[in-house]
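A.B. asks: These came from TrEMBL, pasted as-is:
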- F108, A109, V110, Y113, D199, V200, D201: UDP-N-acetyl-alpha-D-galactosamine binding site (BINDING)
- D199, D201: Mn(2+) binding site (BINDING)
- E291: active site, nucleophile (ACT_SITE)
Amino acid sequence: MALKERLRTWKRLFCWLLLLALGLLGMLQYGLPIVRHLETLIPMGVCPSARMALLRDNFTGLLNPWARPDVLTCTSWGAPIIWDGTFDPAVAQQKALQQNLTIGLTVFAVGRYLEKYLARFLETAEQHFMAGQRVVYYVFTERPAAVPRVALAPGRRLRVERVAREPRWQDVSMQRMRTLHEALGGRLGREAHFVLCMDVDQHFRDAFGPEVLAESVAQLHAWHYHWPRRLLPYERDARSAAALAPGEGDFYYHAAVFGGSVAALRGLTAHCARGLRRDRERGLEARWHDESHLNKFFWLHKPAKVLSPEFCWSPEIGRRAEIRQPRLLWAPKEYALLRD
């Protein structure tokens, strides 16, 4: 009798613990600040010493991953994860100048996003994006005449490309992969050696330099970089071209920043555009639209460099000790105002 009573007690305790865990998970999912602090207790993993000794690339020279023992500084396939302190910005700057590069930066400013965000994006880019390098800004908009005039430093140009206004904001997001693919096959691809593609509803706060360049570049999502893989918001509908099966996926990447060489980006945008078109033909829409397809691509084709959340940070998360030098900050999301 006593044994049955103990079993009932343990069963009740287990149920309460399960409910507590599910409640915390739900609060984590919806971003409650108190619970958000708890996710920093989830370990990111450790880069093996043998792998750390080999981390280098054409833009940063030999990296110093030992400078950041508090975070993960490499991937399982040997790509560096770039954090403040792991690279010398002066070395990156000099190596880029030696290669005589032109760097492209693309941004879509459609609908109310143009008036709300574009001026600050471009003005802060002139202060912090690839300072001292040759840069071509490519602004895609349905209203070229409304693009603000921004004073540009020598060696920097602004191109404006007209795009059609899509009926839904989701279509604007999904259509950009096809538009980027076409642009990379045209003037943009001829002018630039490396290209970064960014969302407009953010602004630069600190130096965003050549240390981010590589053949292909992915950005760790600020809201998900501590989460275990099984909780990451990949597309799980097996019918979608963006679907990842349980056990697949490395990190969750943010579509607000990605880039690489012109050739690599042509491959990425072609893959995503095909997947989006296939889903549309089947009456499907991936959970996070083009970002879902981007994550599928980077699972199949591993990025050569991964940027830490310092390079695209959300102030809503709050301060974290590991985020030492945020480079690009999300603007407050005003979807009700901007997406009607």
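Placed from the backbone N, Cα and C atoms, the Cβ positions cover glycine too.
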A.B. asks: What is the one among the binding-site residues A109, V110, V200 whose Cβ has the most other Cβ atoms less than or equal to 10 Å away?
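C.D. replies: Checking each of A109, V110, V200, the winner is A109.
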A.B. asks: Tell me which of the binding-site residues F108, Y113 sits in the most Cβ-dense spot, judged by other Cβ atoms within 10 Å.
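C.D. replies: Comparing the binding-site residues F108, Y113, the most crowded Cβ belongs to F108.
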A.B. asks: For the recorded positions listed here, D199, D201, E291, which shows the highest count of neighbouring CB atoms within 10 A?
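C.D. replies: Of the recorded positions D199, D201, E291, the most buried by Cβ count within 10 Å is E291.
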A.B. asks: What other residues of the same chain, not counting F108, A109, V110, Y113, D199, V200, D201, have a CB atom within 8 A of the CB centroid of the UDP-N-acetyl-alpha-D-galactosamine site?
C.D. replies: V107, L114, Y117, L118
A.B. asks: How big is the gap, in Å, between the Cα of Y113 (UDP-N-acetyl-alpha-D-galactosamine binding site) and that of E291 (active site, nucleophile), rounded to a whole number?
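C.D. replies: Here the two Cα atoms lie 19 Å apart.
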A.B. asks: Between the Cα atoms of E291 (active site, nucleophile) and F108 (UDP-N-acetyl-alpha-D-galactosamine binding site), what distance do you get, rounded to the nearest Å?
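C.D. replies: E291 (active site, nucleophile) and F108 (UDP-N-acetyl-alpha-D-galactosamine binding site) have their Cα atoms 15 Å apart.
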A.B. asks: Which whole number of Å gives the largest C-alpha distance between any two of F108, A109, V110, Y113, D199, V200, D201, the residues noted as binding UDP-N-acetyl-alpha-D-galactosamine?
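C.D. replies: Comparing all Cα pairs, the maximum is 11 Å.
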